[in-house]
Amino acid sequence: MSLIRLNIDSFRNIQLAQLSPSSGINLIYGQNGSGKTSILEAIYFLGMGRSFRSHLSQRVINNEQDKLTLFATLNLPRGDSKIGLRRFRSGETEVKIDGEKVKRLSTLAETLPIQVITPESFSLLFEGPKSRRQFIDWGAFHSDPQFYAAWVNVRRVLKQRNQLLRNNSSYDQIQYWDREFVRYTEQVTEIRNRYVDSLNELLKGIIGEFLPQVDVKVSFTRGWDSKTDFAQLLESQYPRDLATGHTVSGPHKADLRLRVGSLPAQDAMSRGQLKLLVCALRIAQGKLLKQQIDKHSIYLVDDLPSELDAQHRQLLLKQLVDTGAQVFVTAIEPAAIVDSLHMPPSRMFHVEQGRVTVIE
């Protein structure tokens, strides 16, 4: 799977651009503020309906316009597919896939699986369990068609349960929701656990390539003691939940634990090693997707030269090439990427003040 055409209209400082990317390595270079990262952001927006840089999606709309438009043609095994997205400053979003209106943004994510390696993505190991849970759920969503519905129901029931707790409801009033919570939690937890087990099998070899001297252990924690029955736990913790006004334990507290010996990885490894670990996680996740559903991710790699030294840039790019996936990578100077590849990039684009030029 790859993008074979990308149209960008009124996205940040890009007024209008049309790209015909290669299915291999696409190098996008230009000075800071030129708009090169905006191209990656536009691809991500098309696949996720939001930015990887700002939670306020209206900010990505060009200041002089009231809407942005993104359009892409995807090359898929079954033939080409067309995706279009329009976001208005009011917050309204219109999405079409092959001319048909799409109501759920999750359909975009399913159609266009994207992996991001940016300076911000290294927060995976530092910002607490939420980002690591999102990492697991990305894989669970793509690997099991039952996951999304169960995950939506967990969130719905948890919201209702927390509202009842804030209303000082009796346990009799909460019991019905607890039965629902347990049912959907079991589904979500089983899929998450199965996914992490599969990821681990791939991850060991990839971590060995990036960090041969470091023994990293990866494990899944479900959000409560695995030896405790979840239904009994909810009942026994009801007084505590009532006092705090929210559900203390459950799938919303799940985490991906990464340890070196007895220490968390972030305490045992240097910042450079942690960056390599995140790269290994992203590579493994993309490879597992290909194994499980025979679909490639699209990799967006931003500002690589500032994040990794020449040796590790070369290693990461080799791993990315080996996945067979389409890759978009940015740099200020093209030589920093070209010199790290065994062969020239399949396609190069220069960006200056929001204008994109193909370099032949």
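Cβ atoms here come from the backbone N, Cα and C positions, even for glycine.
So that you can see what the record holds, here are the features copied from Swiss-Prot:
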BINDING   Gly30, Gln31, Asn32, Gly33, Ser34, Gly35, Lys36, Thr37  ATP binding site
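Same-chain residues that are not part of Gly30, Gln31, Asn32, Gly33, Ser34, Gly35, Lys36, Thr37 yet have a Cβ within 8 Å of the Cβ center of the ATP site turn out to be Ser38, Thr330, Ile332, Val351, Glu352. The number of other CB atoms found within 10 A of the CB of Gly33 (ATP binding site), across every protein chain shown, is 12.
Counting only same-chain residues at least 6 apart in sequence, those with a Cβ under 8 Å from the Cβ of Gly30 (ATP binding site) are Lys36, Thr330, Ile332, His350, Val351, Glu352. Cβ neighbour count for Thr37 (ATP binding site): 22 (other Cβ atoms within 10 Å of its Cβ, all protein chains included). The binding-site residues under consideration are Gln31, Asn32, Ser34. Their Cβ neighbour counts within 10 Å are lowest for Asn32. Lys36 (ATP binding site) counts 28 other C-beta atoms within 10 Å of its own C-beta, drawing on all protein chains shown.
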